[in-house]
Amino acid sequence: RKYFMVCLVRTVLFSSSHTTLAVYVNQSSLLMRVQTGDTVTLTCTCPKDELFVAWFKQPVGQKPQLMAKAYYLADGEFSEAFKKMERLSVQKIDGSFNLTISRLEPSDSAVYYCAAVFYYEITFGNGTFIMLTDKKSDSRTVVQQPLCDTVQPGDSVLLQCTIVSESCAGEHSVYWFRHGSGESLPGVIYTKGNRSDKCKKSSEAGSPTQSCVYSLPMRNLNLSDAGTYYCAVAMCGEMLFGNGTILNIEGVSAPLGILTLCLEIYSQHLHTGHYKCL
């Protein structure tokens with residue numbers, strides 16, 4: 001098996017010009033917005049006669065990690081780093097290799113890739129981004145304000161992200177993701193964020209709560225900038241995601257999924273009292 005893995009690495013390094021993206025490997029979902037405690041199953045379909053199939057996990061800003069693998073006609077097995085995690089399971093049946101994650105935790109936020117070796121060529125799926133929000137604790141929250149109006153090409157907007165926390169003070173790593181019409185994974189477009197002001201502590205006596213505001217200025221917008229923008233904050237050893245801000249640009253029709261998400265975000269803002277137009 002060690003020898004086979006060496007051959008696999010050589011295949012990746014020396015045959016990259018012949019690698020075809022997501023032709024034989026299909027992952028049904030590009031983005032999954034879920035909550036802590038939920039259970040998800042990531043599906044991967046590939047040729048029945050693949051030589052090798054595997055799942056990789058790539059947390060934001062980190063290298064991919066091999067999670068599980070299966071050889072031809074053999075059951076799947078987890079790598080050493082994931083072998084003791086009882087929340088994980090894999091199922092290999094004809095033409096598919098599925099990964100199930102139970103009792104989701106904040107550390108499960110990542111992009112998951114399925115890969116298969118077929119005729120000595122490695123092929124990756126498009127990936128599945130698990131975007132996790134915490135439904136158990138209000139001690140740390142990422143709030144994004146919605147944009148109320150459709151903007152015109154050439155306009156400028158300022159997207160804002162407020163981090164409210166009661167503990168774990170210190171520097172925050174802030175990421176901005178853009179998700180378009182569903183044709184690809186959400187992509188990182190900004191990896192630091194601009195703090196519009198210093199973090200402010202609550203005015204209530206004895207309150208440990210503090211808030212920090214980050215912004216993403218966008219100028220000279222064009223039609224390709226339309227989509228949903230997510231603010232994500234790495235703090236206290238976990239990644240926290242906002243509900244997203246939808247940027248509608250005149251001339252771009254919003255898909256049904258975007259309209260549904262818009263209503264969902266609007267409803268959540270009304271329920272939490274955080275609704276305010278930018």
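Glycine too: its Cβ is placed from the backbone N, Cα and C atoms.
Per TrEMBL, the features are as follows:
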type   : residues : note
DOMAIN : 34-116   : domain 'Ig-like'
DOMAIN : 140-253  : domain 'Ig-like'
SIGNAL : 1-22     : signal peptide
Which residue counts does DSSP yield for the domain 'Ig-like' (34-116) in the helix, strand and coil classes, in that order?
-> 3 helix, 42 strand, 38 coil
Mean per-residue pLDDT in the domain 'Ig-like' (34-116) works out to 90
